[in-house]
Amino acid sequence: MGRFLVHICCAPDALYFLERFRQDNPGSELIGFFYDPNIHPYEEYKLRLIETQRTCNRLGIKLIEGEYNVEGWLGAVKGLEHEPERGERCSVCFDLRLQRSAQLAKELGCEGFTTTLLMSPKKKFQQLKESGEKTASQYGVRFIAPDYRKGGGTQEMFRLTKENELYQQDYCGCIYGLFKQKEGEIFWDLVSFSGRRPGSKEESLFIKTLRVKVEELKLPVKEFEIPFLGWKLLEGGVWVNNKAIPSIVVPYSQPIRGKVRADVERVVGDTLYLNKQFVRIILTDSLKDCPLEEIPAHTSPTFRVPKEYKGLLLENRIEVRLNAEFVPEKTRVLLIGKEEAENLIGVPADTLQDGRGYKEEEVSKLIEKSAKDIAEGKTSIILLGAHSLGRVGQRYFEEITGRKIDRVLDYP
């Protein structure tokens, strides 16, 4: 019997570690402490935090969130930016996080503390143990360093992560580890767009946060992860006489080489075809983004522009710029309820380029309102990732389950 503080770095490392630690300390109270100011960017931090909360909820363990003092962390490791993984920078990082953990353990009257970092195959066990024992001697609190990786522990950790559909990060956490571990593929990890674009961390966080709500209501839930070809817009616009014309780039438009100055050579209905680089301009009644029902067969650079600018576009030379990338992505679908439910209702989990989409509280209220029907198997609500890019989540769900979604809510 006793009380122990467990510093938690992420949900995959935590689940198996906490189960084993509880078995080794029956009847003891465990308190989770998520103190990880090293994690970058902030969206990644929030995603790991919400999955840690879900893991602690599952095990009935209280979780305390520490301060996200990223500036303090950067100051602590200054001068060690180019250290290799498992080197001196990691030692300083361990010291900082475990010192705060030991301090809190003492404040809470714990007889000892430990860390789920001991579970990570990417970390040196002895390096962690030395950091923990050094910190323990400073604060007068015992550090426990069980090696749960042995005897198939690492394999069991991976199995539980998959079984519980936990978010599995692809780098340790800090910005320097991100550079080292992903080399030239880090740009999109460091860029954040407004809203919840398809395949983004914000979209995943939206789905994962609502999953916590669903599990608190004790409703059945199943999560699917889906690979797809994403599209990222970096820059795009239309100009006439050096003045910007209101426009929206249509998704899956391919990039343009430099600045293009062109004239309209063909008009078909509300579409203007320019005489360079396959550029098209679609004239619309109002300037708002529209979800793609299908992934386009061709990727001509395409812009939406209000109809009121038609005359200006026809009478003048047009300048257009477009920089975008096609990127392999992953999105998610969250089934709230049973596959065989009578009524299937789909809700887009992403947002359009103009920011339109459902708020977390709106979907939460819909789930609460439908909770009785969901529990009885009458209704299921499906959160659909990457819906605006050709209904990716919907298509996958209908293919994998053989069920057709009865109604998908329109973007607000």
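Any Cβ shown, glycine's included, is placed from N, Cα and C.
Copied from TrEMBL, the annotated features are:
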BINDING   C9, C10, C90, C93  [4Fe-4S] cluster binding site
DISULFID  C172-C174  disulfide bond
[4Fe-4S] cluster site shell beyond C9, C10, C90, C93, criterion: Cβ within 8 Å of Cβ centroid: D36, N38, F94, R97, L117, S120, K123, C172, G173, C174
Nearest-integer angstrom distance between the alpha carbons (Cα) of C172 (disulfide bond) and C90 ([4Fe-4S] cluster binding site): 11
Pairwise CA distance, C93 ([4Fe-4S] cluster binding site) versus C174 (disulfide bond), rounded so that it is a whole Å: 10
Integer Cα-Cα distance in angstrom, C9 ([4Fe-4S] cluster binding site) to C174 (disulfide bond): 12
Neighbour tally for C10 ([4Fe-4S] cluster binding site), based on other Cβ positions within 10 Å of its Cβ: 27
Spatial separation of C10 ([4Fe-4S] cluster binding site) from C174 (disulfide bond) - C-alpha basis, Å: 13
Cβ contacts of C90 ([4Fe-4S] cluster binding site) (under 8 Å, same chain, 6 or more positions away): E83, K123, K124, Q127
Local backbone state of C93 ([4Fe-4S] cluster binding site), from DSSP in three classes: helix
Other C-beta atoms that fall within 10 angstroms of the C-beta of C174 (disulfide bond): 24
